[in-house]
Amino acid sequence: MAQFYYKRNVNAPYRDRIPLRIVRAESELSPSEKAYLNAVEKGDYASVKKSLEEAEIYFKININCIDPLGRTALLIAIENENLELIELLLSFNVYVGDALLHAIRKEVVGAVELLLNHKKPSGEKQVPPILLDKQFSEFTPDITPIILAAHTNNYEIIKLLVQKGVSVPRPHEVRCNCVECVSSSDVDSLRHSRSRLNIYKALASPSLIALSSEDPFLTAFQLSWELQELSKVENEFKSEYEELSRQCKQFAKDLLDQTRSSRELEIILNYRDDNSLIEEQSGNDLARLKLAIKYRQKEFVAQPNCQQLLASRWYDEFPGWRRRHWAVKMVTCFIIGLLFPVFSVCYLIAPKSPLGLFIRKPFIKFICHTASYLTFLFLLLLASQHIDRSDLNRQGPPPTIVEWMILPWVLGFIWGEIKQMWDGGLQDYIHDWWNLMDFVMNSLYLATISLKIVAFVKYSALNPRESWDMWHPTLVAEALFAIANIFSSLRLISLFTANSHLGPLQISLGRMLLDILKFLFIYCLVLLAFANGLNQLYFYYEETKGLTCKGIRCEKQNNAFSTLFETLQSLFWSIFGLINLYVTNVKAQHEFTEFVGATMFGTYNVISLVVLLNMLIAMMNNSYQLIADHADIEWKFARTKLWMSYFEEGGTLPTPFNVIPSPKSLWYLIKWIWTHLCKKKMRRKPESFGTIGRRAADNLRRHHQYQEVMRNLVKRYVAAMIRDAKTEEGLTEENFKELKQDISSFRFEVLGLLRGSKLSTIQSANASKESSNSADSDEKSDSEGNSKDKKKNFSLFDLTTLIHPRSAAIASERHNISNGSALVVQEPPREKQRKVNFVTDIKNFGLFHRRSKQNAAEQNANQIFSVSEEVARQQAAGPLERNIQLESRGLASRGDLSIPGLSEQCVLVDHRERNTDTLGLQVGKRVCPFKSEKVVVEDTVPIIPKEKHAKEEDSSIDYDLNLPDTVTHEDYVTTRL
């Protein structure tokens, strides 16, 4: 048995270890490639350039190699935002691939611009898209540069791409059943849904809408509505589509925030998207605001600028209304409400009179309609009091005075609803819940009036009410009238929207009603399930004998579950604790049946009270909190809809005066009858070209004004968006990475500069060392004798002329003696070009003229150094080596005169003894060895003023036609041959 058990010993040390190996091995990088990618990562420009240049020659590395993270050198440079390296890599034609997409995702604008302007080589191999999708690319095939740029919402990148002429595929409708959509969904439903989501995410980009749409408001409205509808179909991506819809709504609101004047606001809100140049249109009907309400753009409608314009129109006749005391407001409204019949009669008689125009104002119209409805409710209250109680037993009672007074209001309400449905359309009428409530209320009143007429005609005798039939017309009419009264009173809640305190509460109540309807659906299902079970259990135990009262409304409840309807009532009232537990008992000794019945009844109460009722409370609390969080937006949107209903033309007169035909209505009716019903139809008089032209010019002017305002709004919005993005960006990990990359790049740049400076210094030192070595070697070779170097022969005067031809010319002029013949030498061999050394040039080729700072009188006494003819006397004196210090602003150098082909060492000696001849020349000495003999050569360096230098230049013309070049410095003048 021991062999079935694992025993650990020293012979099996690895039995408890899991061996690991790389399953998906990748190709390893060579050391050169690793160094190449590492240099790109660190931003070492010089090393990367060297690697690329060597790769072109020796092919040591693959410039398109990939690191373990799947990044090429170009992608690494893009990730580090190193534009210099990106430009360098592109210049060597590295493989681009998806680099543009990576640059867009990284939002490197400079890299995107470089990649867009980069022309791919004609011979570059293109990778098949299927391979890019599965192996090489991080992006799906439906992701294009413009779609990815729109996802990032980078305005600058989107602008660069749009300027290149890119396009976005147009998405099909939500419920499109075309062949393309059906086939794409059947082949790969996930890719089809993802592709649709990516396209809509790109189209919902605020930067793309602002840049490419002629009417950004209309585009945002339609796209938001379409995304909201799409979220109901694509339930899997509901949250994404709802977020995109909110993004479009917020963009429209932010764009409207940029308006700065009432003129701009009116141009935007009054613009029509379906403008026709030849149709006459009103320019002050708030068409764009109506469109926003239709698309439920609550953020746009509740925007402060929009609300300010609406408030100014609402209180047109009362500019200081909001600043008045509340008591003054109440008194004013009460007086206007009492006078609404007078205003209505004046409008009927003279619509253009001051009082007739006064009632057409939106605020006055609202007060008059409210006063009329309050009067109607007061009449309903009077009708419910039954002041006259003499005909209570009449089966068909005639209408009372109050009921006759109520009738015109009911007819006025019905006429108003018909007119509203005719003007706005059936679809818009149904979408408003208050209209549905009005429809139910008016239907109840019509049914009540009809039943009362039937009862008045059919039943005229007196009969005690207890003996009436259950479905008597009068009884049914009274029940319907009572229900209609409830609806009429609740209809007053709609007026709470105009108040800032009651408006949010009314909106919360409306949202809670939706939750109650959802709860009732689940509750009814539970109620029906338990009612069916209890009725099936207690159906056999129904009691009928000896009962004067049957049901749960009796003093002693019985037969609570005998029928399905009675069971439903019993379960409903049990929620409120109105059903006793003994209703589950039966007369027979069937304890098991009683136990099952009581258990079912108790389970129902637990589910309905503990679970469902608490769920309803939680739902209502959630709805109220949702409205409370957005109370301002919700209330302003509801108030705007109320205000817009009074801004409309028509519906001026309140009920019941709206049923009275006005002269204007009679004229319209006669005109309609004459046009449509008469045999001889009126022919429409054609309009003149002048009228059409003026109308077209007005509409075109409105369009141009709108486009101008939109251009300004877009500019302000983009500037604000960029400014807010920079403000909210803050310090992130990416910022520290970029800073680290910049420091690394700067480090390598500085190292490169220092390395180059050090190299140039070493090269110059080597050059000077080589020149000194060559001079020493020349001296050694010349000291051996003239037998080894017979190429060039110099005389004493040739040497003098070579060193200082200018001084020699001056000296020969003044001494009237010849200073030697012209120098005839062979052209020296070409040497490598070296850097100009000012001091060396002075020592080798130039004259050094001391520029005196003394006055003109002292300049004549300056010492002048020249070559003396007493060479023989100095030869006997022996070698004398002395140094001259050139005093030129602190410049001191040792003058080692080195002449090619001349084996000598000449040292300029400054005679401090101040030996001056009659010509003002100071004697200096130069020791020159010739054939192991030292010859003392007296040298002259003329020190002449800078002002006299130009005049003395002419003296050298007779001596040499090739004038020396003269360079003037601050304190001295240098003359070079």
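Note: Cβ is positioned from N, Cα and C throughout, glycine not excepted.
Quick look at what Swiss-Prot annotates:
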{"type": "BINDING", "residues": "HIS172, CYS176, CYS178, CYS181", "note": "Zn(2+) binding site"}
{"type": "COMPBIAS", "residues": "764-775", "note": "compositional bias 'Low complexity'"}
{"type": "COMPBIAS", "residues": "777-788", "note": "compositional bias 'Basic and acidic residues'"}
{"type": "INTRAMEM", "residues": "325-359", "note": "intramembrane segment"}
{"type": "MOD_RES", "residues": "TYR959", "note": "phosphotyrosine"}
{"type": "MOD_RES", "residues": "TYR972", "note": "phosphotyrosine"}
{"type": "REPEAT", "residues": "71-93", "note": "repeat 'ANK 2'"}
{"type": "REPEAT", "residues": "96-118", "note": "repeat 'ANK 3'"}
{"type": "TOPO_DOM", "residues": "1-324", "note": "topological domain 'Cytoplasmic'"}
{"type": "TOPO_DOM", "residues": "384-403", "note": "topological domain 'Extracellular'"}
{"type": "TOPO_DOM", "residues": "419-432", "note": "topological domain 'Cytoplasmic'"}
{"type": "TOPO_DOM", "residues": "454-475", "note": "topological domain 'Extracellular'"}
{"type": "TOPO_DOM", "residues": "499-511", "note": "topological domain 'Cytoplasmic'"}
{"type": "TOPO_DOM", "residues": "535-599", "note": "topological domain 'Extracellular'"}
{"type": "TOPO_DOM", "residues": "621-977", "note": "topological domain 'Cytoplasmic'"}
Other C-beta atoms that fall within 10 angstroms of the C-beta of CYS176 (Zn(2+) binding site): 11
Shell of the Zn(2+) site beyond HIS172, CYS176, CYS178, CYS181, same chain only (C-beta within 8 angstroms of their C-beta centre): GLU173, ASN177, GLU180, VAL182
Remote residues contacting the topological domain 'Cytoplasmic' (419-432) - C-beta distance under 8 A, at least 6 residues beyond either end: 294, 648, 650-651
Greatest C-beta neighbour count within 10 angstroms, which of the binding-site residues CYS178, CYS181: CYS181
For HIS172 (Zn(2+) binding site): intrachain residues, at least 6 apart, with Cβ closer than 8 Å: CYS178, GLU180, CYS181
For the topological domain 'Extracellular' (454-475), residues assigned helix / strand / coil by DSSP: 11 helix, 1 strand, 10 coil
Mean of the pLDDT scores, which run from 0 to 100, over the topological domain 'Cytoplasmic' (621-977): 57
Cβ-Cβ under 8 Å with the topological domain 'Cytoplasmic' (499-511): same-chain residues at least 6 beyond its ends: 433, 493, 623-624, 626-628, 631-632, 634-635, 638-639
Non-local residues, at least 6 beyond the ends, that sit with Cβ under 8 Å of the topological domain 'Extracellular' (454-475): 392-398
Helix-strand-coil residue split for the topological domain 'Cytoplasmic' (499-511), DSSP-based: 10 helix, 0 strand, 3 coil
Three-state composition of the topological domain 'Extracellular' (535-599), taking helix and strand from DSSP: 31 helix, 0 strand, 34 coil
Assigned element (helix, strand, coil) containing CYS181 (Zn(2+) binding site), judged by DSSP: helix
